[in-house]
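Notes for the one structure printed next.
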Amino acid sequence: MNTADAQQAAGLVLTLGWLLVAAVLFAHRAGLVTSGPLIGRDVRVPGPLLWGSGAAVAFYTGQAVVVDAVEDAPNRIVAGADRPVLDWMIAHRTPDLTALMEAVSRYGGTNGTLLLAAVAVAVLLVTRRWWDALAVAVATGGVAVLVPAFKDLYGRTRPPVATQLVVEPDLSLPSGHALGAVVVIGIVAVVLGRARRSTGWRVAVGAVAAAAVLTISVSRLYLGVHWVTDVATSWTLGGAWLAVVVTGLLWVTGRGFGAGARGRTAGRPGPPVAG
């Protein structure tokens, strides 16, 4: 069994396990269970914990499916899009667009996401939103672990050097730019969304975040340094990690998505602060 098959099997087990737990909890809450060890016990699970874990499992399984398609069937369905997408990007290159995509890739890379995370953490600490600050730091730190670990795990080479507009010597899967954008921009969007209850505000923040992630990801395809399945895997793997962090944040604050603005006093106490 190769790496992708093993991860796909793990994803299937996790999915079935989550579905079983969710079904048992639903049946117990609906009064469909009249006997057994759960009768008389409080088995309520916080909504963010249940649905957040489900999202993490779904995203993790999704990345395993994409990687399995790349390893087992490179000329079919999912992985079959790699070469056509690359060829389309090459065919639509222009000097002005190339300059724009190079700038997006430069500022949307590791240095850019680290700067965004650092500014976010600093602002959150000043405003005494301890848990939100910790969530941004943990999410960003996870990217630094996930990207090199999964690059080494999958060992996929980049598109041909002749198609690349910038030189990238390391491995291809996942895309550090795309995964970092999903996680860092995603968690910053979450803490911004928690700051205000306005639906319009949250929709606007989400739209801007999604546009930024998409633009950064497309820049890597345009520059010829990643296959489209690299980006798809990065989105799903990054989505899994983001779901884990957000789930933990919502669970530990104990007040759901809208608690951020009151994070200095709401929910459980924040992490200890020196001095």
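Placement of Cβ uses the backbone N, Cα and C atoms for every residue, glycine included.
Whatever TrEMBL says is automated annotation, not expert-curated.
From a predicted model like this one, the values you see are computed outputs, not experimental measurements.
As given in TrEMBL:
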- 107-126: transmembrane segment (TRANSMEM)
- 132-246: domain 'Phosphatidic acid phosphatase type 2/haloperoxidase' (DOMAIN)
- 133-151: transmembrane segment (TRANSMEM)
- 171-192: transmembrane segment (TRANSMEM)
- 204-223: transmembrane segment (TRANSMEM)
- 235-254: transmembrane segment (TRANSMEM)
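In this chain, the transmembrane segment (235-254) does not touch the transmembrane segment (107-126); fewer than three CB pairs sit within less than 8 A of each other, excluding pairs fewer than 6 residues apart. The stretch from 133-151, 171-192, 235-254 with the most CB pairs below 8 A to the transmembrane segment (204-223) is 171-192.
Model confidence over the domain 'Phosphatidic acid phosphatase type 2/haloperoxidase' (132-246) is summarised by a mean pLDDT of 93.
Across the domain 'Phosphatidic acid phosphatase type 2/haloperoxidase' (132-246), DSSP helix (H, G, I), strand (E, B) and coil residues number 89 helix, 0 strand, 26 coil.
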